[in-house]
Every structure is written in structure tokens, then in C-alpha cells.
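S.K.: Please see the structure below; I have some questions.
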Amino acid sequence: MAMDKKGDLEWMPPRPEPVHWRNRQRSLAYSVTLTLVALFFTFALRPEAFPSFLVRKGLHKSPLEQVLTRVPLTDGHNDFAIWTRAFYQNHIYRANFTDHDELYGQVDFPRLRKGRLGAQFWSVYVECARNPNEPGVQYEIVRDTFQQIDLVHRMINHFPDFLVPASSVADVHHNFYHSPGRISSLLGIEGLHQIGGSASVLRMYHELGVRYASLTHTCHNEYADSEAPEEPRHGGLSTAGEAIVAEMNRMGMIVDLSHTSLATQRAVFNVTRAPVMYSHSSAYALCPHSRNVPDDLLQMLKENDGIVMISLYPEYTNCQDADAASLADVADHIQYVGNLIGYRHVGLGSDFDGMSHGPKGLEDVSKYPDLIQELLDRGVSVDDLVGVTGGNVLRVLGDVEHVARSLADTLPLEDDVKPFFE
């Protein structure tokens with residue numbers, strides 16, 4: 001049955017009494033004020049209640065805190081392990097080696113925490129042999145390397161409030177979010193003289209957490225030439241070296257070019273299927289030392305999508321006067337490489353405890369935030385510094401893992417062994 005307009009209106013709810021617009025404005029302002037006060041006390045008393053998307057973006061934090069909380073601060077090279085061998089004979093259960101005292105050197109647990117470190121590639125370095133052809137020398141180097149790997153594992157187990165194991169990008173990110181304040185601990189060897197001429201040994205190192213291998217240290221080996229001796233042995237990478245690079249690609253181990261000759265570096269860029277790293281090197285253009293990377297090789301690194309992790313070693317930082325090397329000089333190297341090939345390819349590789357002293361302002365591991373603040377003050381963006389302080393090297397590690405997965409059907413490199421029966 002149809003209804004007239006009057007009938008339709010009778011079904012509508014009564015119209016409310018008019019509210020003066022000034023009263024409505026006061027009411028709205030009062031409500032907003034109460035809401036803001038409630039939010040302030042909620043977030044002040046319970047910071048975890050802050051909206052997750054703002055926490056992820058770090059919009060409520062200073063630029064320095066945004067950098068340090070978006071990614072684990074990751075150092076590509078630290079010699080704490082060999083320092084512990086040299087000065088404590090690898091004894092970490094004695095009263096003079098604790099997690100609450102300052103240890104001799106540039107690294108200890110209180111200073112690591114103050115420096116806000118989130119992940120570390122601990123070098124399990126063993127020096128080159130003075131007489132490499134003497135019987136038993138290669139065995140001793142491999143044994144000593146296993147002792148250094150074991151040392152880091154024992155440190156992780158004995159100091160769990162500070163260290164946590166990691167062997168992948170996923171581990172590092174998981175630890176960063178679920179074990180805050182603990183340092184994800186990965187390993188790196190510093191020269192293929194440490195593998196005793198055996199791909200099998202290199203694979204065992206990988207099983208124990210070694211995620212990068214420098215092709216050389218300060219000596220040539222059967223795989224590659226170092227930058228240190230004047231006379232090259234192979235003219236770069238040997239045939240065996242090409243095979244070992246392919247094996248590292250297959251197993252998911254980063255190829256590290258620090259300490260290698262320029263010819264070795266160029267050869268590696270031509271054969272590797274994965275991004276590479278310089279774990280602790282700087283810009284040759286600013287300090288023309290053979291340990292640093294020239295511009296043309298930085299361009300090759302960009303094409304490879306790899307990373308150079310800027311060293312703090314004074315002799316590689318300020319070639320005019322190493323004793324005058326400073327935090328500002330290190331920042332210059334970071335900016336130079338970032339401006340030349342992009343900050344995507346820059347990281348931090350301190351070499352703490354591998355040098356007699358650090359640059360002024362970067363004397364020990366507690367000083368990382370000062371370097372980050374200097375770069376912020378110079379106008380480097382938060383996003384770029386998130387990459388420099390950890391995002392870039394973790395991206396490289398992730399890419400290396402991806403290449404390894406793509407090579408899963410490739411057979412491992414086998415050692416040639418002597419016939420058992422002759």
C-alpha cells in the first residue's frame with residue numbers, strides 16, 4: 001500500500017535538537033585532547049604499544065636510532081679471535097677473561113654492547129707459514145684454524161648474553177628481532193693457505209659457520225696471488241683458483257678479495273657467479289695503498305653487485321700520516337665510494353684487534369655510533385646508512401645463498417688423493 005509524504009516522514013526518527021557550532025567545536029577539541037593524552041601515557045608506559053608501522057619506519061626516533069634499529073650493525077672483519085690466541089692463549093674460562101671487564105686490546109663485551117654491534121664476521125685468521133714447504137706446516141695451519149673456529153664457538157656458548165650463532169641471513173634477522181643486544185656471530189678465514197690445499201677442508205669450515213674466505217693473506221698460495229709479495233706466482237688466479245671460486249659459489253661462501261692482487265681481483269670478477277666482497281679495504285683514490293681498491297675495480301664491483309667494507313686500519317686510511325688518521329678520514333672513504341658507485345656497495349670492515357691502534361675517534365668497538373652520526377651530519381641519508389651499516393652485506397650474503405641454491409645440482413669439487421695401493 002502506498003504512503004503519502006506525510007506517512008513516509010512519520011517513519012523517520014525525530015530530528016535532534018540543533019547544537020551550536022561553537023559548542024560542537026569545543027566538544028571535538030576536548031575529545032581530541034583526551035585522546036592525545038591517553039596515547040601519550042600509553043606509549044610512555046608501554047613503548048611496545050606504539051603502532052607497528054611507525055616502529056618499523058622508526059619515525060618516532062632520532063636519525064641515529066633509526067639506523068641502529070632498522071638493521072643489525074654488521075662488521076665484516078674483526079680479529080678478536082687471534083688477539084685472544086696471542087694474549088690469552090685461547091683460555092677464556094680464567095679470571096682474566098670476563099664479559100664485564102675491559103680486556104687488553106680494542107674489543108671486549110662491554111664495549112661491543114656500547115658500540116651497538118648486531119652482527120660480526122669474526123676472522124679465524126692463522127698467519128702464512130714462513131717456510132710453507134716444510135713437512136707438517138700445512139697440517140699445523142689447518143689444525144690452528146680449527147682451534148680458532150672452536151674458540152669462537154666456545155665464546156658463543158660461554159657468553160650467551162652477548163653472542164649468538166648465525167650461519168645465514170635468516171639467522172641474523174631472526175636474532176636481531178628476537179635476541180636484541182646479542183651479536184650474530186659468523187666466521188671468515190683470511191687466506192686459502194688455511195685450507196691445506198683441500199676443498200674438503202673448506203667445506204668443513206663452511207659446515208662450522210665460515211661464510212667468507214679471503215683468497216689470500218700476505219702470501220701467495222696455489223689458488224691466487226696476494227698483493228703483498230712483489231713477484232706474482234700465477235699472474236692472478238690459477239686454474240685451481242678458478243675451480244675453488246666455483247666451489248665457493250656452489251656451497252654459498254662469499255669470495256673475499258681483500259689482500260689479493262689486482263690481477264687476482266680482475267680474474268675473479270670474470271669467473272664468479274655470485275657477488276663478492278672486500279671484507280676490509282678502502283678507496284685507493286684517497287689513500288694509494290696496495291690494500292685499497294682503485295676506481296676501475298670499484299666499477300667492476302658495482303657491476304658484480306658486491307660490497308667493499310671500509311677498513312679503519314690507519315695505514316690504509318691516511319697514506320700521508322697514518323698516526324693522524326681519524327674518524328673523519330674513514331667517513332671520507334665511505335662517502336667517496338658511495339658517491340662513486342652508490343652506497344649500496346659500501347659497508348664497514350673495521351679490522352679491530354688486527355691493528356695496533358684505531359684512527360682518532362674510532363679507537364675501539366664502542367665508537368661505531370660516532371661514525372654513523374658523523375655521516376648523518378654530512379648529509380648521508382638514513383636509508384643509505386641502513387645499507388652501509390648492515391643491509392648491504394646481508395644483501396650480498398643473501399644473494400650468495402641464492403646462487404648456491406641455484407647450483408644445488410652441481411657436484412662438489414673433489415680433492416685428488418694419492419692412490420692407497422701402489
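Any Cβ shown, glycine's included, is placed from N, Cα and C.
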S.K.: Same Zn(2+) site as His77, Asp79 according to Swiss-Prot: which of Glu127, Glu134, Glu140, Glu190?
M.R.: Glu190
S.K.: Can you sort out which of Cys128, Cys287 is the disulfide partner Swiss-Prot gives for Cys219?
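M.R.: Of the listed candidates, Swiss-Prot names Cys128 as the partner.
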S.K.: Name the one residue among His77, Asp79, Glu190, Asp351 whose Cα is closest in three-dimensional space to that of Cys319 (disulfide bond); these are the binding-site residues.
M.R.: Asp351
S.K.: For Asp351 (substrate binding site), list the number of other Cβ atoms lying within 10 Å of its Cβ atom.
M.R.: 24
S.K.: Beyond His77, Asp79, Glu190, what residues of that chain have CB atoms within 8 A of the centre of the Zn(2+) site's CB atoms?
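M.R.: Residues close to the Zn(2+) site, other than His77, Asp79, Glu190: Asn78, Ile82, Ser123, Tyr125, Gly188, Ser279, His280, Asp351, Gly354.
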S.K.: What's the CA to CA span in angstrom from Cys287 (disulfide bond) over to His77 (Zn(2+) binding site)?
M.R.: 20
S.K.: What Cα-Cα separation, expressed in whole Å, is found between Asp351 (substrate binding site) and Cys219 (disulfide bond)?
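M.R.: With distance taken Cα to Cα, Cys219 (disulfide bond) is 19 Å from Asp351 (substrate binding site).
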S.K.: For substrate, what surrounds His217, Arg291, Asp351 with a Cβ no more than 8 Å from their Cβ centroid?
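M.R.: Apart from the listed residues, the neighbours are His77, Glu190, Thr218, Ser258, His259, His280, Ser281, Ser311, Tyr313, Tyr316, Gly354.
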S.K.: Report, in whole Å, the straight Cα-to-Cα distance of His77 (Zn(2+) binding site) from Asn96 (N-linked glycosylation site).
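M.R.: Just about 25 Å between their Cα atoms.
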